[in-house]
Amino acid sequence: MKTFLSTIKFDYLQRTRSYSFLITLCISLAIAYTFVPEPNATYSTIRIADHVGYYNSAWFGYVTAIMTSIFLSLIGFYLINNSINKDEITKIGHITASTPITNFRYLLSKVLSNFLVLLTIVCIIFLMSILLFFLYNDGYSLEILDFLIPYFLIPIPAMFVISVLAIIFEVIFRKYSIIQNIGFFFLFSVLAFSSSNQETQYELDPFGTKIVMHHMEETVRDIIQVEEQTNLSIGYVLGNIEETQKFEFNGLSFPVSFIASRLMWMLLGLILIVIITPLFHRFNMKEKLRNTISTPKFLQKENNQEIILSELKKSNTDYRIFSLVKTELMLLYRKGKRWLWIINIIGFVLLAFIPMDIAYPLILPILWFLQVHRLSEISSKEVYNNVHHFAFTSHKPLRRLLTSQIIAGTILMILLALPLIVRFFILFDLLSNLNIVVGAIFIVLLGSTIGIVTKGKKLFEILFFMITYANINKIPFTDYFGGLHHNSNYLIYLIMITVILGTIGFLTRGYQLRN
Amino acid sequence: MKLEIKNVSKKYNRNKYGLKDFSITIEKGILGLLGPNGAGKSTLLKMIATISKPTDGTIILNRNNILKDANYIRKQLGFLPQDFGVYPNLNAFEFLEYIAALKGIGGPNLKTKIQQLLEGLNLLDAANKPIGSYSGGMKQRVGIAQTLLNDPKIVIFDEPTVGLDPEERVRFRNLISDLAQDCIVILSSHIVSDIDTIADQVAVMKNGGLLSQGNQEQLIKLVDQKVFETIINKEELKNFKDNHIVVSTARKVQGLSIRYISENPITGSTSKKANLEDAYLYLTKIN
């Protein structure tokens, strides 16, 4: 048992002692800060009709617990869904596979260390919610149980379920990270938005939020005395703050069946791990690389057994970056499974034929998001693949290599958006085309800069996901490609941000190269 | 061709140095860098290769301070790091083309040159397969090939023979000897046999400092008349090690055959001809 706990402990320490996890914690703090809007803020997070709760302990505790459960379930999955893959990359998996640890124990240790990682973030948010209470409360005293109870019953079991799901997706879909990402998003949407609001079925809600939201709605219905459904909104809703009315929300006493259901969800998670254990590869994975790649036809053996230096052709200097751009494009093309290009082709065709008001604001960001695994390591793959010793001792690596990576990424994104660009060109809509080009450069630079700064890819993957999710939901300030804004002022604003982003990336890489 | 490393230090924190006040001058030929793990060999090589910067000191190549003008050395450098990776989805030909582009090499001769390198390193048959499917030795040979792409004048090999089979090691040694006719070749290893047959100069490092530098004869002279062989019982080994520098042990019917370095040999010992490995062990143990 002690050794089992040690494996969890050291796995957890290894994952949390990283610069990117520190950044993740900072971002979690920043997001948690927005969970309960400050009194004069122009947005709301949980709102029932025109009502929000008085800022008492219960409101802070329950609202932040609900927001944590929903948002961290979604984002947390993407944060932790590479724990087995990381063992494969670092070759720790091969050592593990040769030890007596059983597959179930190994998977369980991964579930628990995933859970600890998410729990750390929950704790940070919990502390932030108490801090927010002291900053904004409406003269109420702190009731610590109003914080503890919802956190224990809502996000914590949900985080366990997410930890289990991350392992299940990794075991079943192995290295197909894009399928894991899309598959989980689909599952999350089904679970979050399609589960019944029937009071008797709250036990079926893995996030544990519906029972509280239903209670809030009931309370507001009692106040405004209407029978029909009240409109409860959750998420970041802008405007409409002037008409806000306040109501007293004092939490709720959770039924025993609900408490038992939270434990049952965790138990179900363990059962699922037992079920998928036989499917675990135990790092006996055959690398499926292409058998052959075409090479120039002149390669014919002349049976030279040694390198004779005097016979080697002399090198010519060529500092142009065309060859680098070509290889970077090739690396982008070959990244990931070839058959996944079918999805890109489908998106490409959709951009050509479906109405512009769907193609531009909806299909384009989704199609671009599908390149997330390419963009996330566009400027960090040297480090990731341990090629940086070659790359960073090359001729002017900052000016030549980084530039070629950004150019290659931009070319890819523009090529994917080509049908839309052609359609706008036919309509003489230059502004939209400029928006698309700037958007392509922006998202490539975002991936590049975050990769350079964090030396990892996870943060960009999560951020790009959040941006795309916001794009699909038409949240204006995440519109990086002009899908919602059609004016030149917005384009100038986008260009400025893009330039700043590029400058940060180049300066940081320059600093890294010098040091 | 002259590379001067002057009073170079690499400080990691208040008490930890990767290199401390290290100075050496390297000229055309092969310099073998010997030292135990953690001696600072890779730190030194990374500084020469401009990957890492020293905290103090200067590195001058042909009167050019490469700490100020890194591109001066990069244009003429071939570097094989100790632990390097590849892009697994590229084949050997594409990978070498990519490295050539990084180095600023192109032109009509490039493809032929890559072919010559692949053929000379026995990689032509596998040249159209992704490097991700290569064995460790094959990847190492791709690494060797990339060092030669730009007709380097300074070649740095950090533990180059890892993964190479005996036949490839011999071919590699021949290649290095050939290279050293016109270049500075710095060859780092903790395997003495990789260095003793080919190095013109040998530098022995420990704890971030230079213990000794000279040609092989000069170093071997340090242990001249100090190397002996004797046979002892297995039980005596621990006590023996406390009093002498043991180079090697071998089991024999009579007991343990010990090759050792000492100024006061035990009775019954026979004097042996010293070699570079004896000198290396002597220097690293007494310092």
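Here the Cβ of each residue, glycine as well, is placed from N, Cα and C on the backbone.
Taken verbatim from TrEMBL:
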TRANSMEM  A:20-36  transmembrane segment
DOMAIN    A:50-194  domain 'ABC-2 type transporter transmembrane'
TRANSMEM  A:59-80  transmembrane segment
TRANSMEM  A:115-136  transmembrane segment
TRANSMEM  A:148-169  transmembrane segment
TRANSMEM  A:176-194  transmembrane segment
TRANSMEM  A:259-280  transmembrane segment
TRANSMEM  A:339-370  transmembrane segment
TRANSMEM  A:406-426  transmembrane segment
TRANSMEM  A:433-453  transmembrane segment
TRANSMEM  A:490-508  transmembrane segment
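If you look at the transmembrane segment (A:59-80) against the transmembrane segment (A:433-453), you find fewer than three C-beta pairs under 8 angstroms, all six or more positions apart, and that falls short of contact. In terms of C-beta pairs under 8 Å, the stretch of A:20-36, A:176-194, A:339-370, A:433-453 lying closest in packing to the transmembrane segment (A:490-508) is A:433-453. Using DSSP to sort the residues of the domain 'ABC-2 type transporter transmembrane' (A:50-194) gives these counts of helix, strand and coil: 117 helix, 3 strand, 25 coil. By number of Cβ pairs under 8 Å, the transmembrane segment (A:176-194) is matched best by A:148-169 from the list A:20-36, A:148-169, A:259-280, A:433-453.
Sequence-distant neighbours of the transmembrane segment (A:148-169) (same chain, 6+ residues past either end, Cβ-Cβ under 8 Å): 61-62, 65-66, 68-69, 72-73, 76-77, 80-81, 83-84, 107, 110-112, 114-115, 118-119, 122, 126, 180, 183-184, 187, 206-209, 212, 251, 254, 258-259, 262-263, 265-266, 268-270, 272-273, 276.
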